[in-house]
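What follows is one structure encoded as structure tokens, with my remarks underneath.
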Amino acid sequence: MDSITNKRSLFESSHFWILLSLIAFIALPSKALDYGLLESTADEFLDAMGWSSVNLTILWFLPLIGFWLLPSLKLSTETQAKVELGLISFILLFAFISATIYKVSMGYSVIVLIATLTALATFAFAKLKMMQGDKFIIGALLSIILLIFFFIVYPTVAIFISMFYDGETFAPEQVVRILGQGYIVRVISNSLFLSGFVGIVSTVFGLAFALYTTRIAHRTAFIGKIFSILPIVTPPFVVGLGVTLMLGRSGYVTEFLDTYFGFKDHNWLYGFNGIAIAQILAFAPISFMILDGALKSIHPSIEEASYTLRANRYQTFYNIIFPLLRPALANSFLIVFIQSLADFSNPLVLGGSFDVIATQIYFYIAGSQLDYASASTLGSMLLIFSLLIFIVQYMWIGNRSYVTVSGKSYRGDVQDLPSGLKYTIIVMLGFWVVFNFALYGSIFYGSFTVNWGVDYTLTLNNYAMLFGQGLSDGAWPSLINTMIYAGIAAPLTALFGLLIAYIVVRKDFQGKKTLEFLTMLCFAVPGTVAGVSYILAFNDAPMYITGTGIIIIISMVMRDLPIGMRAAIAGLGQLDKSLDEASLSLKGSSLKTIWFIVFPLLKPALLSALVTSFVRAMTTVSAIVFLVTADTRVATAYILNRVEDGEYGVAIAYGSILIVVMMAIILFFDWIVGDTRIPKSQAKKAD
């Protein structure tokens with residue numbers, strides 16, 4: 001215990017942190033290394049050291065000595081804390097502004113400097129009794145603010161600023177010129193029309209299936225769980241490729257229609273039709289999950305009251321249930337609208353001549369003519385549309401209350417749906433199940449064929465090309481990279497999500513709503529825009545981290561941060577605050593309270609967030625497609641390259657492997673989470 005106390009007191013010493021930064025300045029590069037620590041030459045390493053010559057980086061560390069001199073001024077505790085905060089702000093601003101002006105990319109020692117300044121700011125705020133002087137909470141809050149600023153706010157601002165620059169020249173008129181082009185106007189209108197259509201149809205299908213699982217199904221309700229898992233584990237491009245195998249030029253449905261009905265338009269799929277079909281297949285489950293939860297929260301006693309007043313089933317549904325679902329319906333439409341706007345993979349496979357914003361941004365960056373100005377302008381437009389929708393959803397729908405559950409214990413039974421609606425839903429679900437069965441069957445079968453539409457001979461060549469060339473060739477490097485990056489990103493996502501949730505739910509401070517809003521903003525920023533903004537923000541001074549695995553991990557963490565936060569917020573809402581207060585009253589620190597009280601009780605929710613974050617990190621493409629290199633390529637980028645080269649069989653085979661792997665991971669974690677819950681029999685014995 002004494003050794004632990006001594007270690008803790010060491011970390012709570014400002015002298016320790018200042019000394020650590022000075023040691024880092026001597027031992028680590030203060031300027032960025034183009035080829036990293038392991039591959040840089042001795043001369044490159046020496047040139048990057050801050051002490052190797054008189055340079056700007058010395059001035060970033062020199063003011064730290066001021067913290068050793070402050071006690072000699074014998075200021076009051078409050079005054080000294082304010083002076084320290086002023087000095088910390090000066091060092092941070094001076095370092096980043098000077099690095100930007102003089103094009104100096106920051107090195108590893110600056111990371112230690114930022115950590116030191118965060119620790120010193122924590123001590124200063126503790127002296128001012130912020131958060132009751134709880135250093136752990138203050139430090140966690142400051143770390144989260146820095147994380148959000150550097151990797152959400154800063155890149156978002158960077159993409160807006162860059163659209164007014166033509167290279168190094170300030171050219172605001174180019175925005176009007178780019179947006180005034182007829183082609184760009186058509187791309188924007190295509191995207192908005194497609195997203196609106198997909199949003200409406202996906203919400204209709206989602207409502208139908210939610211009504212089936214909550215009002216019709218008895219033994220077949222498990223279909224809802226399968227329905228909600230499939231889109232999560234399906235990698236990008238795979239749904240689009242599966243639709244192509246069925247309905248494309250050489251698809252078996254197209255050939256059947258041609259043979260028996262004389263259907264000759266074999267290109268009908270490529271364009272709006274194909275993108276809409278693929279997106280509805282991918283996003284209707286999102287609507288289902290939203291509306292399924294909303295329907296389960298409607299108290300059956302309301303329906304019984306309607307029948308008691310002699311209303312028939314049609315009147316009850318359209319006048320009672322449907323109005324209560326309006327917030328969820330609007331929420332579903334807006335979320336699917338954003339997802340459709342941001343979708344990159346399906347338009348790339350099925351778009352044909354129907355161009356949308358997300359793919360056009362990709363072509364501006366990865367195409368033959370590099371055009372950052374047009375990419376950032378279109379990215380800004382896409383971001384503006386997404387942010388407007390997100391703000392409407394967050395501020396309007398989020399603040400509306402349609403409470404139907406009171407404190408009374410009577411539950412009642414849900415009533416039957418109108419017969420016409422019931423049979424319509426059953427027909428819709430039957431069609432959907434058959435279509436999805438054929439779709440995924442085509443995907444798995446297609447991965448074993450020589451050439452779909454030409455030669456259906458079964459073969460293992462596609463899998464041999466992927467995994468039969470050794471660990472250093474084929475798909476192995478991308479799969480290993482993906483597992484490593486996702487394995488690092490998922491725990492960080494859950495950890496930061498827990499910290500943010502604990503601070504937002506359990507602590508009161510100015511700016512709490514802003515912090516929560518900015519964290520949820522990660523969901524609103526389309527993946528393509530996030531990728532472009534990271535290139536613009538981190539491809540030059542002051543922070544140069546493009547081309548590294550670090551930026552990919554950061555992108556994965558920031559994209560999925562709301563998942564961990566929302567899971568922890570939901571769990572904390574079920575834990576009485578008196579548990580925390582009891583721990584703190586026994587002189588337990590906030591860190592011990594979180595680790596020994598909160599974390600064990602939130603384990604099921606956090607494990608679910610962990611596996612969801614892991615799977616999303618495994619399947620992300622639009623946010624990282626611009627960030628990967630030959631050395632950091634991930635699975636989805638490998639699939640994208642195969643699609644671009646026309647190697648559909650190899651791409652489908654890789655997608656099939658990922659589906660199986662991720663389904664196994666989800667089922668494994670579902671089994672673990674099931675074991676972490678207390679069985680009812682044990683709970684009764686404990687009582």
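Every residue gets a Cβ built from N, Cα and C, even glycine.
Summarising the annotation, Swiss-Prot assigns transmembrane segment to 10-30, 50-70, 85-105, 106-126, 192-212, 226-246, 318-338, 378-398, 425-445, 484-504, 517-537, 649-669 (among others). Among the features that Swiss-Prot reports, domain 'ABC transmembrane type-1 1' is placed at 188-393, with the record citing sequence analysis. The domain 'ABC transmembrane type-1 2' annotation in Swiss-Prot covers 479-669 and is backed by sequence analysis.
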Mark yes when the transmembrane segment (318-338) and the transmembrane segment (378-398) have three or more Cβ pairs under 8 Å (sequence separation 6 or more) and no when they do not.
yes
Select the range from 50-70, 192-212, 425-445, 517-537 that forms the most Cβ-Cβ pairs under 8 Å with the transmembrane segment (226-246).
425-445
Per the Cβ filter (under 8 Å) with a sequence gap of at least 6 from its ends, the transmembrane segment (50-70) is approached by 14-15, 18, 21-22, 25-26, 29-31, 80, 83-84, 87, 90-91, 94-95, 98-99, 102, 104, 107, 109-110, 113, 116, 120
Near the transmembrane segment (10-30), which residues from the same chain, at least 6 beyond its ends, have a CB less than 8 A from one of its CBs?
45, 48-51, 55, 57, 60-61, 64-65, 67-68, 106-110, 112-113, 115-116, 119-120, 123, 135
Checking distant contacts: for the transmembrane segment (192-212), what same-chain residues at least six beyond its ends satisfy Cβ-Cβ under 8 A?
223-224, 227, 272, 275-276, 279-280, 283-292, 294-295, 325, 329, 332-334, 336-338, 340-341, 356, 385, 417, 421, 424-426, 428-429, 432
